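Novice: My questions all concern the structure below.
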Amino acid sequence: MFSLFYGLWKYMFSKTEFHVLILGIDKAGKTTLLEKLKSVYSNLEGLPPDRIVPTVGLNIGRIEVSNTKLVFWDLGGQPGLRLIWEKYYEEAHAVVYVIDATCPSRFEDSKSALEKVLRHEDLQGAPLLILANKQDLNDAVSSEELARYLDLKKLDERVYMFEAVSAYDGMGIKESVEWLVEVMERSKRTETLRARAGGPASA
Ligand SMILES: Nc1nc2c(ncn2[C@@H]2O[C@H](COP(=O)(O)OP(=O)(O)OP(=O)(O)O)[C@@H](O)[C@H]2O)c(=O)[nH]1
Ligand SMILES: [Mg+2]
């Protein structure tokens, strides 16, 4: 009996936890963004940019926003490491796709890597936030320009947004996180993941 009440109590009062996958090609600024998120939303001081090295494994960052826990998974974007991305798709509630907005010569690479992500069936229905990063630099293209450059097809049914950010000065970070929380809370994808984990289909 106690365990039944405890289970119910835990279900009602424990905070929802969402998994957010941070993807993008190498040097887009994913890890710098993760460290910025930690600095903005937790007491922990994130690593300064000059101490961040290219990612080979997985970096994890946990933050809390109102009553919601977010767990960010940051993976390496070098070509040989992109094969690992799909191992994390099944458990992800949403995807943040980071693009270096100052580097048009790599937009094509970014676009094809993103299209491959979107084609994967394990990510069906996952909300997508595309970040035009490095806005602190003069030559960064805006989020609208980036959207035009990418000209993504296949976004039809997906909930998505483009946002201009800077992982250095924090521009656009709060708007991004607010959007993510809002869409994940009411996404069909979240219901599906909850049902798979054995919880009620909606809360
Ligand atoms: N000016 C500026 N530079 C940035 C910003 N974000 C990242 N950088 C720089 O871009 C470079 C790559 O940043 P990382 O965070 O390591 O990139 P990444 O996407 O994690 O790269 P991989 O781990 O190799 O996939 C570093 O020199 C960063 O300091 C930004 O918002 N503004
Ligand atoms: Mg990295």
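Backbone N, Cα and C define each Cβ position, glycine as well.
Automated prediction, rather than curation, is the source of TrEMBL annotations.
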Novice: Taking TrEMBL at its word that G24, I25, D26, K27, A28, G29, K30, T31, N133, K134, Q135, D136 bind GTP, choose the one of G61, G77, G170 listed for that site.
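Specialist: TrEMBL names G77 for this GTP site.
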Novice: Give the number of CB atoms, excluding that of G24 (GTP binding site) itself, located within 10 Å of its CB.
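Specialist: Neighbour count, Cβ to Cβ under the 10 Å cut-off: 26.
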Novice: Just the binding-site residues from T31, T55, D136 whose C-beta lies under 6 Å from any atom of ligand 2, please, or none if there are none.
Specialist: T31, T55
